[in-house]
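S.K.: One structure coming up, written as structure tokens, with questions to follow.
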């Protein structure tokens, strides 16, 4: 459907302009026609401003300075001893040992015998680490687990370590430790601190939880590490030195980077692909330095991989689970399991044989290392909740340890209880030649359930409603953090002059809710929360916590903006500035509040990013006679009036005459709030035109033109893009870029894999290979397979969109913007509403959105995914494996590319993505599996909620393409794909997004915050037109957060100190449009407006270690991709 913009000038110029336009239009259609021949193309015209017409048609971009190498460095791939991308496809994924579930075969046993008999080899040293893995929610909620298990476990740690001076323990989940601390007697608190000071109880990792590493976003990861580390430092007086990450389902490079930046010396990982376990064991590699994928300084933190399947005693004492089971001495009355069946206490009669068997298993682990130091976890999920287990494990193991250590002539070993820090210290004394590794360990696969490979790629997508809610909450928390820090310190400093006393107290009171919000976000980063892999009732509890804290964050934002935007302080105690979105209840989509000329005719926008942005904002109104006025620039802005359309049960569309969406364009400086006024005004040129074949015949809209759609395929068009839409489906078919006259096939499809029953569930993804892909839309399609009656097109001065409906299952919208912005005009927004309906409908359905393109990304397809919104990873299809093993996690984007074109798909939540066939990119949207996949939760996933998915598509030129080339291969296309190659340029080996994609991703994840000014109780009031909190901040730097530090003495009160966490994103200046010069340098002019900084210090990522004092913000420097933290005292 073509859109054209036209406005009549006064009579003297109107006819001339009209003739010129018709002539230009005819020439344009002849040369740049992008539609198939011999079909009747609909033409649409509607009035708009001439300024918009010019900018939209020509879309000239202001001249920009060329970026310097410092502003846009060409990043290089790091060089490592182990490259996971190169090595992984070479594995034998069906080795002969799968049926035994143990890779330990004769070759390993023979090597063990040789090493055991080598008299020059260092003596075996074994560090046994008692632990209890406490999930902060899984089969039960956080609170239920704490009351049922965890508080008893921590009490037993305190009591039994005092009783047994040789025993040690570790603790990782600070969320649980905080709950215990708040309820424990000071005597117990002191006893616990004493154990930590003695080094017998080690706090490992120190995060609020043990986070998932596939679905988490960098903001939430950093935030929960800061929250946990500060709790540890404040309450226990220590700084974590080692990490313990034994249960996340696969491991990526981001968490090791963050831990290294936080000052940890070593970390331990567990769950990686069974083939990686074998490969590393064969090469005696248990430790490595995990490099970032881009060339940067070598990390100082060492990563240790546990060599066997899982962290339970059955799998940790050595390569033979049947032997290890007999060394689990837990025996609780009424408990019967595989380990109780083999239970046998150590006595003087079996001491020698048991000690010999145990040390042989330990020695076998030692043969997998060059240094002969062995770390052996001793525990399992929620272990040691009974004091008798402490007694049994300690007494039996100490008998064997004492016997082994007393008979070195027989065993040649030292065995002791210890901690991970003890292990790393002992290992480093013997081993310095540690290899480096780059890449990651996704997809995780196990074989210990059935002796068959099972791929844990389902959880990348499971329960998308909660994944989306979590990201929305991140955005609201981040905005609340920044506003609280800026406004509270502003009024504190102004308060010295006697102002803002009441406002300061109100904000201080809200700080407690900010702490709870941080902790609820941190809790959801747990590897059974954001993954969607807890029981349905537990997921409901997580969601309710997120929803509650999201509500409080929005209220805090409103209070902060009320203080700063309303000059009349007597109004600060009232709820006048209100979010334009109402979150009524968990599980339901948010609603927009209506603006009104009676009491809500002012809108405030806050840009939470530290960079200027142009955004299209939509507010709801009860009138269409309206226009938008920027009170700061004192001018009217570009806007359009859109209909509110209701779909009836019979599929008929009702266009409302009482509810309207006002869409306008706003350009907002960094960390700035601007007020807009909605003025009564009648101008139908700003009203959208509706094309609809199935709108009620009797309905005659008094506001909008409603027209029938014309025959033929549908085109959406702005000044830069021309989209061809398949009329039979309503989905995108191809994209034509006018600036380089190039067509790209982008065929959007929706389908589903049928789940393999009992092999696909919350964790696992396994399609039923004997069943074809499911045509999920067929039951919701018209009998004639034509979508005409289910398509609505809405076209206006700012946007054009097409919506196609397969009710009630799926509603899909394609939107492009016709605004003078180089980013928004080049991007395509896809919005998909999915409702699985109540089970058993759509059972065993793994729903995907697929983009089939003509991009030549290799016969063995390659694509790129982000990792945690921080870095980027190349993915190569492994032909030996099925689709389930070729799905990878994304959190912000994925892209396909060849020598000429890159397609980037942006997302605002975690989901799985694959490029299983050449030119194809698909993302999983939602999953419903009726059956459990036998990985612990004991139920399927049937609690699907109606969910709205949003994605942006960017299609960009790769380096070397400078202009179009004639291509007559497609009928109707003229002068397409013409190009010429410029001088040879060295491309950046490390693939990063374009500057446009990087910027659009941040806009997508951190949208403008919109508020209404409610004057229903106070009448007309003064609202400041503009409030900027930042000046001369370098646009090449992303402000991750500006987070107030809690007072050292008053636990729930804020201090005047904050952490400013910064990230310098890496992006390519060679891909896509000519980049804007974005300086990463801070200057003497960089400041927070209205705030005095007493001092600033460079600190470790979580702030526990001071690195160096700075003279001011101008001393800050970040290299590309780096994340750094600075402590600011206001």
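Cβ atoms here come from the backbone N, Cα and C positions, even for glycine.
Not my notes, these are from Swiss-Prot:
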{"type": "ACT_SITE", "residues": "247", "note": "active site, nucleophile"}
{"type": "BINDING", "residues": "133, 135, 247, 527", "note": "Zn(2+) binding site"}
{"type": "CARBOHYD", "residues": "117", "note": "N-linked glycosylation site"}
{"type": "CARBOHYD", "residues": "166", "note": "N-linked glycosylation site"}
{"type": "CARBOHYD", "residues": "622", "note": "N-linked glycosylation site"}
{"type": "CARBOHYD", "residues": "683", "note": "N-linked glycosylation site"}
{"type": "CARBOHYD", "residues": "1056", "note": "N-linked glycosylation site"}
{"type": "CARBOHYD", "residues": "1095", "note": "N-linked glycosylation site"}
{"type": "TOPO_DOM", "residues": "1-14", "note": "topological domain 'Cytoplasmic'"}
{"type": "TOPO_DOM", "residues": "36-1130", "note": "topological domain 'Lumenal'"}
{"type": "TRANSMEM", "residues": "15-35", "note": "transmembrane segment"}
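How about a rundown of where these features are and what they're close to?
M.R.: Around the Cβ of residue 247 (active site, nucleophile), a 10 Å sphere holds 20 further Cβ atoms from the protein chains shown.
Neighbours of residue 135 (Zn(2+) binding site), defined as other CB atoms within 10 A of its CB across all chains, total 25.
In the three-state DSSP scheme, residue 117 (N-linked glycosylation site) falls into the coil class.
Over all protein chains present, the Cβ of residue 166 (N-linked glycosylation site) has 14 other Cβ atoms lying within 10 Å.
Annotation for residue 622 (N-linked glycosylation site): same-chain Cβ neighbours under 8 Å, separated by at least 6 residues, are 594, 595, 596, 658, 659, 660.
For residue 683 (N-linked glycosylation site), the same-chain residues lying six or more positions away in sequence with a CB closer than 8 A to its CB are 627.
The DSSP secondary structure for residue 1056 (N-linked glycosylation site) is strand.
Secondary structure from DSSP puts residue 1095 (N-linked glycosylation site) in a beta strand. Residues within less than 8 Å, Cβ to Cβ, of residue 1095 (N-linked glycosylation site) and separated from it by at least 6 positions along the same chain comprise 1109, 1128, 1129.
Confidence over the topological domain 'Cytoplasmic' (1-14), given as mean pLDDT on the 0 to 100 scale, stands at 39.
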S.K.: At the Cα level, what's the spacing in Å between residue 133 (Zn(2+) binding site) and residue 166 (N-linked glycosylation site), rounded?
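M.R.: With the alpha carbons as reference points, the distance is 21 Å.
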S.K.: Would you list, in sequence order, the recorded positions among 117, 166, 527 whose CA lies within 10 Å of the CA of residue 247 (active site, nucleophile)?
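M.R.: Taking 117, 166, 527 one by one, the ones whose Cα falls within 10 Å of residue 247 (active site, nucleophile) are 527.
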S.K.: For residue 135 (Zn(2+) binding site), which of the glycosylation sites 117, 166, 1056 has the nearest Cα in space?
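M.R.: That would be 166, nearest by Cα distance.
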S.K.: If you count Cβ atoms within 10 Å of each one, which of the glycosylation sites 117, 1056 comes out on top?
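M.R.: Result of the Cβ crowding comparison: 1056.
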S.K.: Which residues, same chain and not among 133, 135, 247, 527, have a CB within 8 angstroms of the centroid of the CB atoms at the recorded Zn(2+) site?
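M.R.: Neighbours found: 134, 138, 210, 246, 248, 381, 526, 528.
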S.K.: Neighbour count first, Cβ atoms within 10 Å, every protein chain included; then name which of 133, 527 tops the list of binding-site residues.
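M.R.: When each Cβ's neighbours within 10 Å are tallied, 527 leads.
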S.K.: To the nearest whole angstrom, state the Cα distance for the pair residue 1056 (N-linked glycosylation site) and residue 527 (Zn(2+) binding site).
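M.R.: One finds 34 Å between the Cα atoms of these residues.
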S.K.: Given residue 527 (Zn(2+) binding site) and residue 166 (N-linked glycosylation site), what distance in Å do their CA atoms have, once rounded to a whole number?
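M.R.: Checking the Cα atoms of residue 527 (Zn(2+) binding site) and residue 166 (N-linked glycosylation site) gives a distance of 32 Å.
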S.K.: How far is it from residue 117 (N-linked glycosylation site) to residue 166 (N-linked glycosylation site), counting Cα to Cα, in Å?
M.R.: 31
